[in-house]
Structures are given as C-alpha cells and as structure tokens.
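Student: Handing you a structure now.
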Amino acid sequence: ARALWLLVVVLVLGSSNRAAAYEGLSTNLCEVPAKDRVDCGYPEISSEQCTNRGCCFDSSIHGVPWCFKPLQDTECR
C-alpha cells in the first residue's frame, strides 16, 4: 500500500510539471502579419485560453484579432 501511495504521488507531481511546461507554439509560427490574422478565439479570451486552443496570442496591435491561427506548420514529423 505504501508503494502504491508513492507511485500516485510521483505520477501527480510528474503530470503537473508537464502541464506547467506547455508554452504554446513556436514564435516563428505566430509571426503572422496583422492584416492576415484569422480569428481563433472569442471576445475577452485570455492568453492562456488562446494558447490552450493551439492558437497564437498577441494583444499589442489594436483592431485585429489578438487570438489567431498560426502559420501552417510544414515541417515533416
């Protein structure tokens, strides 16, 4: 029972570290010109909510979508 408890603790700690390590898309995929941004969110969306959707977030330019679709990833995987 003690070994099982230890395993549960290790799994919980390990999964929380992975969640905290998520930083969204690479910067180059989010270098979309303001005029070409395609909306990917909704009004009042937060940066975290946007990146969790797999989208880019940049609130520095007014009048264009702040949460927008990234450039196509053409890298082979």
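Cβ atoms are placed via backbone N, Cα and C, with glycine included.
TrEMBL: automatically predicted annotations, no manual curation.
Since we're looking at a predicted model, the values are computed, not measured.
Feature list, courtesy of TrEMBL:
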type     : residues    : note
SIGNAL   : 1-21        : signal peptide
DOMAIN   : 28-71       : domain 'P-type'
DISULFID : CYS30-CYS56 : disulfide bond
DISULFID : CYS40-CYS55 : disulfide bond
DISULFID : CYS50-CYS67 : disulfide bond
Student: Please identify, among the disulfide-bonded residues CYS30, CYS50, CYS67, the one with the smallest Cα-Cα distance to CYS40 (disulfide bond).
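Tutor: That would be CYS67, the closest of CYS30, CYS50, CYS67 to CYS40 (disulfide bond).
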Student: If you average pLDDT over the domain 'P-type' (28-71), what do you get?
Tutor: 94
Student: Provide the number of Cβ atoms within 10 Å of the Cβ of CYS50 (disulfide bond), excluding the reference atom itself.
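Tutor: CYS50 (disulfide bond): 22 neighbouring Cβ atoms within 10 Å.
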Student: I'm trying to understand the geometry here, so how far is the Cα atom of CYS50 (disulfide bond) from the Cα atom of CYS56 (disulfide bond), in Å to the nearest whole number?
Tutor: 7
Student: Can you give me the Cα-Cα distance between CYS30 (disulfide bond) and CYS55 (disulfide bond) in Å, rounded to a whole number?
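Tutor: For CYS30 (disulfide bond) versus CYS55 (disulfide bond), the Cα atoms are 8 Å apart.
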Student: Expressed to the nearest Å, what is the distance separating CYS55 (disulfide bond) and CYS67 (disulfide bond) at their Cα atoms?
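Tutor: Just about 6 Å between their Cα atoms.
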